[in-house]
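Taken straight from TrEMBL:
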type     : residues : note
SIGNAL   : 1-22     : signal peptide
DOMAIN   : 38-356   : domain 'Glycoside hydrolase 35 catalytic'
ACT_SITE : 185      : active site, proton donor
ACT_SITE : 265      : active site, nucleophile
DOMAIN   : 429-540  : domain 'Beta-galactosidase 1-like first all-beta'
DOMAIN   : 566-624  : domain 'Beta-galactosidase galactose-binding'
């Protein structure tokens, strides 16, 4: 050592020190049953966390949302991974663009946030089928969320793809993932299959190792904690600000007598269902409950950052509570960070409470994103190209047509575009799953087998319309059949008149019942109780067509002057040199979907509410060239079709289908 000299010795010691600091073995995140806490690197630790859904946030906004969560005093974020978002078909995986979960996790680490991961396989999250892929239902007798071998084989295949991406990001491996949740609120599911939970525990351990902290989450009900917990998985609970904190944690103590108190889902708001009032939870109430828990030394994860689904397909799910209850497009459930990512009074109230227990990061909270009210966009219904212009409408000069022109096509007139492979013939109707159609719409086409001079009852067996059926006779809209609603219509016609039913999937059940929620016509339609047969069935690929430029790449002619029934409306508009976030309202429209520049922004349903606007992130808009609007209206457009772009959302109103509000 003497011969090495001081500089060399110093370098050696420094290298050893660096090795010790960087060594994964020096990092740990563990349970301390003796002192009822977590230990991070050996020191007592309590996390204050917030949930965020990368699948619901446009990728350009990921950093903004995470930074706002960090600046609010959160040390940790809880991240959901929806299986069906990544494995869109069996063995077909997508981890690109908005689905790049590894890039999202790397960003959390860059910003200094720890992560609690919720990889499912079932996550709930008010997401279609709770994150389970619809293709599981191609095997009609599969029993989801159980030890059914077909289900377990699909789960294992998925976990072998996902969890190896997660393992190097675990805390003890040098990453920032401190714990991983297994399943979600399994105790609320009817099956109560411990063999399934044991299988998941074995798979997670095999793929992630023995050191990672695995846990479960359930409500505080004794029955749910009985069915949702398992030795080897640390049991946590979830509850909202209306609960008695002492009683709620006493429920956790009955299954985990020792260890940290944890509320894994503290509800800062609540979800919205179509046709019901917008949920609202007071900031003071949320703050008081948070402070009560922190005073007990609990670790908490809050529902903090909600967002509209911003993906290529409508992903909202549905609950089943005595009836089918589809969730609105917007996931802004009065949360601390708004749908547009804006800090709210509630976020600042939470931040104030956190500041009483730990220091806040230095610096200001990032501001709300700028919004722009682009105003009224007067759409013109045109049946052909403007005079003298044969190019697609968006290329015609401003002198030849208004700043936003509209083209129109009845859905039934463009089935060749929306179903390029042609229809499937079947004696009786087939479900979406039998057709291998996950989302969207299917047209069922047949003919009246006999003359119907007097009104006859067109009806479906109970629970067989899943979820809404738009009925056309001779291409004239007759009305709508609905799950848990109207299931009959009266029609008249002649033999061989065409009968078409457009079936809409409003989202598979994500909570409250068996999640095997088949879509389409599940039973045969009948006319005066006589079954109809000889169907042509068209699975529609509307999203694909719109993403590929239809109908803006083709000039359409309207086959009918009628404004009722399913039809497409298209137009273009330009931004005044900026592309800021905005909200679009649908005055006088009924129900349908909106795309801008091929990007599916979700459903509107003005007559049901409460949501009256769709959020349009500035990142989907163009500057310096036209923005293409496509609307699929399902029931009836207003006499003067137009949209209103606002700088704020409207969540809690029901205007009615005939509204001509001019605000």
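Glycine is no exception: its Cβ is also placed from the backbone N, Cα and C atoms.
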Over the span of the domain 'Beta-galactosidase 1-like first all-beta' (429-540), how high is the average pLDDT in this prediction?
95
Reported in the order helix, strand, coil, what are the DSSP residue counts of the domain 'Beta-galactosidase 1-like first all-beta' (429-540)?
0 helix, 58 strand, 54 coil
Summarise the domain 'Beta-galactosidase galactose-binding' (566-624) by DSSP state, stating how many residues are helix, strand and coil.
3 helix, 29 strand, 27 coil
